[in-house]
Amino acid sequence: MNTIIENLDEKNKIKSLEKAAELIKNGSVVAFPTETVYGLGANGLDEEACKKIFDVKRRKRDNPLILHVTNEDMVKNLSSEITEDQKKLMDNLWPGPLTIIFKKSDKVNDVVSCGGDTVAIRNPSDEIARFLIDKSGCPIAAPSANKSGRPSPTNAQDVYSDMQGEIEMILDGGSCNIGIESTVVDLTEKPYTILRPGFYTKEDLEEYLDEVVYDKSLIDSNTIPKSPGQKYKHYAPKTKLIVIKGNMDNIQNYVDNLGINTDEIGFILTEETAENVNFENVKIISKRNDYLNFAHNIFTYLRELDKFNYKLLICEGVNEQKMGISIMNRLKKSCANNIKVI
Ligand code: TXA
Ligand code: MG
């Protein structure tokens, strides 16, 4: 299969989106941009189409999909009830990078829900994603558009490198604004639980809800996660990765003692750290406390550095506060918990 990357500049936009919607209606899989990461989309009401997502992504069949919608009527159709608190988050934080778990209706097929009685729904803010959902006339089931286990793609080229030859079309909407996946929150039972941290933190959700907790597995890595997807190996570059935390004044010394030539190591560092070291291959990710830019660049840079066949990648970690929790959640998985405190 030939994979086409559709250019979405003003001249081609409507025509390309119409072509993509036709493919979705006909049961094909199309990759598309959202404000978080690129999604691998298919008609969420078509079981056979949803099965194709699992096949091309090599995704385990027990890991349910998010349904993407653009309005409340679609949520009413897919859920058996909308509680007051669910409505509060929908009204205040949608459209945006938040996935809410609902009790599912019988419209949601078993391929999407993996046989469970809940459904994950997200109303994305990205204009291209919205247009595609509306033109297709159905909820779009979409996981991140990476092969299972790989870092999520934040631009069309990164989707292409994982999905080349396996899907018909990638809509090229440029680089994703946020760069890490949506916050997933389960509001079907109390205590309300963040299953996956993202752009929105516990504090953000607690502006609208009494109490929200992080799933235990996010705090204690020996606990089995409540969300199926969180238990799998994730976001890993092919090159071995170490995440470094602590006093960055010690990083030069730490690296000099690793016994690897520094020109064979790729680094992802904050501006403040990069100023004080003498390494060859450094990508500056953001200022140290600028978690928005850190999140925006992290998957992109991990994929970029992975192309050079370095012996090792080293990435600076962040403090686990607010969005730093979401960033460290992705980094811990990317490095398989290989974190060094210096
Ligand atoms: O930002 C995002 O959420 C992106 C874009 C494309 O929208 N999508 C995404 O999907 O990250 P995916 O499949 O890579 O991650 C969805 C996560 C998985 O961990 C999955 O297990 C969990 O949400 N999930 C889906 N349905 C669920 C459900 N009914 N109950 C609990 N967790 C669920
Ligand atoms: Mg994913």
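Cβ from N, Cα, C; glycine included.
Bear in mind that TrEMBL entries carry predicted annotations, made automatically and left uncurated.
Under the heading domain 'YrdC-like', TrEMBL lists 14-200.
Counting every protein chain shown, the number of other Cβ atoms lying within 10 Å of the Cβ of Thr36 (L-threonine binding site) is 29. Positions annotated as L-threonine binding site by TrEMBL: Thr36, His68, Arg122, Ala142, Ser182.
Sequence-distant contacts of Arg59 (ATP binding site), defined as residues of its own chain at least six apart whose C-beta falls under 8 angstroms from its C-beta, comprise Ile53, Pro143, Ser148. Among the features that TrEMBL reports, ATP binding site is placed at Arg59, Asn63, Thr118, Ser144, Ser152, Arg196, Tyr235.
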Problem set entry | Thr36 (L-threonine binding site): nearby binding-site residues from Asn63, Thr118, Ser144, Arg196, Tyr235, Cα cut-off 10 Å | Ser144
For this session: From the binding-site residues listed here (Asn63, His68, Thr118, Ala142, Ser144), select those whose CB sits under 6 A from an atom of ligand 2.
Result: Ser144
Problem set entry | Candidate binding-site residues Arg122, Ala142, Ser182, pick with smallest Cα gap to Asn63 (ATP binding site) | Ala142
For this session: For ligand 1, pick out the binding-site residues Arg59, Asn63, Ala142, Ser144, Tyr235 that have a CB under 6 angstroms away from one of its atoms.
Result: Asn63, Ala142, Ser144
Seminar exercise, completed: In the three-state DSSP scheme, Thr36 (L-threonine binding site) belongs to coil
Exercise. Between Ser152 (ATP binding site) and Ser182 (L-threonine binding site), what C-alpha distance do you get in Å?
Worked result: 12
Problem set entry | Residues Thr36, His68, Arg122, Ala142, Ser182 binding L-threonine per the record - widest CA separation, whole Å | 13
